[in-house]
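A short worksheet on the structure shown next.
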Ligand code: NAD
Ligand code: MG
C-alpha cells in the first residue's frame with residue numbers, strides 16, 4: 001500500500017524537492033493533493049505528471065485553472081480555493097503525510113490543521129511554528145501527530161538526538177544527557193561584507209545564496225541571519241529547550257547541518273552535501289531511510305570545515321530573534337510579522353537591506369506583548385504587527 005501525500009506549496013523550492021524524492025519511490029508514495037499560489041504553468045505540469053486528486057489555488061486563479069484542466073483532459077482533478085481549501089487537504093482523511101512548505105504566516109492554519117488531524121507533518125514552514133510555538137507543539141501531542149523537521153539544521157539535530165528524545169518530558173531543559181545544541185549557519189552571501197557595504201546590497205545579491213537554492217523570502221532571511229533567528233526559535237519549540245542551550249555557529253561550507261553536544265564530552269553532527277532532498281527523504285520515511293539522488297559526501301574533496309561566531313553587530317536580526325524568544329508570549333509572532341513585511345519592502349526596493357532589522361526592532365518595541373493564549377490572539381497580533389511595520393516603513397521613506 002502506498003502512503004498519500006499532500007504538498008502545501010508544491011510549486012516552491014521545497015515543494016519541487018519533495019516531488020523529486022517522491023518520484024524515485026512511486027511504489028511507496030502517491031501525490032494526493034497539492035497547493036500553489038501564483039505559478040499555474042508549473043502547477044499544470046505537476047498535475048500532468050502526478051495526477052493529484054485535489055489542487056488548491058487562490059479563488060481568482062480557479063477559473064483559469066479549470067479552463068486549462070479542461071483543455072488538458074484533467075477534468076477529474078477537483079479544484080478547491082483559498083485557506084479553506086488548504087485546510088481541507090491538510091486534514092483530509094485520505095492523507096497520511098503533509099508537507100508544510102508554504103512560505104510565511106500563510107502556512108499557519110493549514111499546518112495546524114494537519115497537526116490537529118494527527119498526520120505525519122513534515123515541517124518546512126518554520127514561520128508557522130515561530131508564530132504558534134506552544135500551541136502547535138501541544139496540538140501535536142494531543143492529536144498524536146508526528147511533527148518532523150525538514151529544515152536541514154533541525155533535521156540534523158533530530159538525527160543527532162537520542163532516538164526517544166521526542167517522547168521525553170517537555171521541560172525546557174536538555175534531557176537524556178544532552179548538554180547543548182549547536183545550530184549551524186552558513187553566514188549567507190554577505191558573511192564577509194562590512195557594515196558599510198551591507199547598506200548598498202541589492203535584492204538580487206541577497207537572493208544569491210552561496211550553498212543553497214531557495215525561495216526569495218528565506219534567501220533574504222539567510223542574508224540578514226533572521227533565518228537563523230527563526231530557526232533558533234524553531235529549535236526551542238521542537239526540542240523543548242530554552243534558548244540559552246542553543247548556540248549559533250557560523251560554518252560557511254554548509255556540510256555539517258547542526259550538532260548536539262552531550263554531558264560526556266561527545267559532539268554528534270549530521271553531515272552531507274547541501275541538498276534539501278536529504279532532510280525531506282529523512283522526514284518522509286523516518287525511522288526508515290529512503291534513497292535519494294544526493295551523492296554521498298566526499299571528505300577528500302571537502303577538505304576544510306571552518307567555524308566562527310556570528311557577528312551580531314553586522315547581523316542584529318539574530319539577536320532580535322533571541323530576545324523575542326526570551327521575552328516569549330507574542331514576541332516571536334511580532335518579530336515574524338514585521339520581518340515578512342520588511343523583507344517584502346526590501347525586495348520591492350522600498351528599504352535598504354540594513355533597514356530590515358530596524359523595522360523589526362521598532363515593531364517589537366511598539367506592539368504590546370502578551371501571552372499567546374490562542375490562535376485568534378496570534379492572528380490578530382500578526383495583523384497589527386504588519387500594520388505597524390508598514391507604517392514605520394512609510395515613515396522612513398519606503
Ligand atoms: P518558495 O517561495 O520557493 O515557495 C513557497 C510556496 O508557498 C510556493 O509554492 C507558493 O505557491 C506558496 N505560497 C506563497 N505564498 C502563499 C500564500 N499567501 N498562500 C498560499 N501559498 C503561498 O519558498 P521555499 O524556499 O520553498 O520555502 C518554503 C518554506 O520552507 C519556507 O517557510 C522556508 O522558510 C522553508 N524552508 C525552505 C528551505 C529551502 O531550502 N528552500 C529550507 C528550509 C526551510
Ligand atoms: Mg535551515
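Along the chain as shown, residues are numbered 1 onward.
The backbone N, Cα and C atoms fix where each Cβ goes, and this holds for glycine too.
Cross-referencing 64, 72, 231 against the Mn(2+) binding annotation in TrEMBL, which names 151, 153, picks out 231. TrEMBL annotates 152, 153, 186, 209, 222, 227, 228, 231 as 1-deoxy-D-xylulose 5-phosphate-binding residues; of 116, 119, 126, the candidate listed for that same site is 126. Checking the candidates 177, 187, 188, 215 against TrEMBL: the one annotated together with 11, 12, 13, 14, 125, 127 at the NADPH site is 215. Cβ neighbour count for residue 127 (NADPH binding site) (all protein chains, 10 Å cutoff from its Cβ): 29. A distance of 12 Å separates the Cα atom of residue 215 (NADPH binding site) from that of residue 227 (1-deoxy-D-xylulose 5-phosphate binding site). Confidence in the domain '1-deoxy-D-xylulose 5-phosphate reductoisomerase C-terminal' (147-239), given as mean pLDDT, stands at 95. A C-beta separation below 8 Å, combined with a sequence spacing of at least six in one chain, links residue 12 (NADPH binding site) to 101, 102, 103, 215. In sequence order, 151 are the binding-site residues from 151, 153, 209, 227 with a C-alpha within 10 Å of the C-alpha of residue 125 (NADPH binding site).
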